[in-house]
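A.B. asks: Attaching a single structure in C-alpha cells format; questions to follow.
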Amino acid sequence: MLKSIYKKVIFVLLGLMLLVVGYIFSGIFNSKIGLLSIFVLAILLGTLVMYLTKNPINNLIMTLASTILFVFMAIYLVFFKHAYIFDRENLMIYLLTYVGLNIPVIVYKFLEPDTLNFNDYIKYLSYYFISSYFILLSYFLFFYYRVRIYTRGISLQPFKTITPYLTNAAYVNSRIAIINIFGNILLFIPIGFIVGIHIKNAYKSLIVLLSIPIIIEIVQYISATGISDIDDVILNFIGELIGLSTLLTIEWLYKKRHKNINELMFKI
C-alpha cells in the first residue's frame, strides 16, 4: 500500500516537473518552438511511463498534476484578480501537455487491446477534460481582455470575417490570421473527440456539437463580452468535426486491426 502511494507521488512530481519545464521552454524559445518542445517532451514522458508501467492511470495522474494549475489560475483570475496572466499560450500549453501525455496511452491501447484499466482511465480523463476545459474556455471567451469592457454585436453573414483573411493574405498579419482562423478550429478539436466518446449516436453527436458554439455566441451576446459571429460558429464546428472524425477513424482502424474483438476502443 505504502509502495503504491510512493509511486503515485512520483508520477505527481513528474507531472509538476513537466509543468515547470514547459514554462521554462516557453520563456527560452519563441512561441512556436517552445510549444513544440512542450508537446514533444509530453509525448516522450507519456511514452516512457506507459512503456514502463503498462498502466494508463499513471498517465492520468501526470495529466492532472501538470494541468490542474491552469484551472485554478483561471478561477482565481475570474473571481479575485483582474489580470491577463492566462493567455492563448497558456491555453495551448494546457492542451499540448494534456494531449501529449495521453497519445502514448491511445497508441498502446490500439496495439494492445487488453490494456489494463483503460476504460476507467478514459472515463476519468474525459470527465476531467470536460470540466477543466469548460472552465478554461469560459475564462478565455468571456473574461480574457474583456475586464470592464462591454461589447455587444452580431454578425449573421457567413464568411464575412473569414474571407478577408483568405483573399488578402498578403496584407493581413499572419499571426492574426492564424489566431482567428486556425485558433478557432484547433481549440474545438478536442471537444469533438470527447463528445464522440460519450455520445455514440452520430445524429445526436452532431446536434450537440453544433449546439456548443451556438450557445457560446448567444452567451457572448447576452453578456456583452464580444461580437456574436456566425463565422466563429462555422470555424468551431469545423474543429469539432475534425475531432469527431479523428475518433471515428481510430475506431475504424481499431476494428480493422482487431477483427476478433467485438467492442469499441473508446467506451465509457
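Placement of Cβ uses the backbone N, Cα and C atoms for every residue, glycine included.
Quick paste of what TrEMBL says about this protein:
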DOMAIN    133-246  domain 'VanZ-like'
TRANSMEM  9-29  transmembrane segment
TRANSMEM  35-53  transmembrane segment
TRANSMEM  60-79  transmembrane segment
TRANSMEM  91-112  transmembrane segment
TRANSMEM  124-145  transmembrane segment
TRANSMEM  176-199  transmembrane segment
TRANSMEM  206-227  transmembrane segment
TRANSMEM  233-254  transmembrane segment
A.B. asks: By a Cβ-Cβ criterion of under 8 Å, what residues six or more beyond either terminus of the transmembrane segment (91-112) are in contact with it?
C.D. replies: 15, 18-19, 22-23, 26, 35, 38-43, 45-47, 49-51, 54, 56, 59-60, 62-63, 66-67, 70, 118, 121, 125, 129, 132, 136, 140, 186-187, 190, 250, 253-254, 257, 265
A.B. asks: Of the listed stretches (9-29, 35-53, 60-79, 206-227), which one yields the highest count of Cβ-Cβ distances below 8 Å with the transmembrane segment (124-145)?
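C.D. replies: Maximum Cβ contact count belongs to 60-79.
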A.B. asks: So, does the transmembrane segment (9-29) come close enough to the transmembrane segment (176-199) to give 3+ Cβ pairs below 8 Å, pairs being at least 6 apart in sequence?
C.D. replies: no
A.B. asks: What residues in the same chain, six or more past the boundaries of the transmembrane segment (9-29), come closer than 8 Å to it by Cβ-Cβ distance?
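C.D. replies: Distal contacts: 35, 37-38, 41-42, 45, 49, 58, 61-67, 69, 89, 93, 97, 101.
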A.B. asks: Please indicate, using numbers and ranges, the residues of the same chain that are 6 or more beyond the transmembrane segment (233-254) and have a C-beta under 8 Å from a C-beta there.
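C.D. replies: Long-range Cβ neighbours of the transmembrane segment (233-254): 106, 110, 113, 158-159, 162, 181, 184-197, 205, 209-210, 212-214, 216-217, 264-266.
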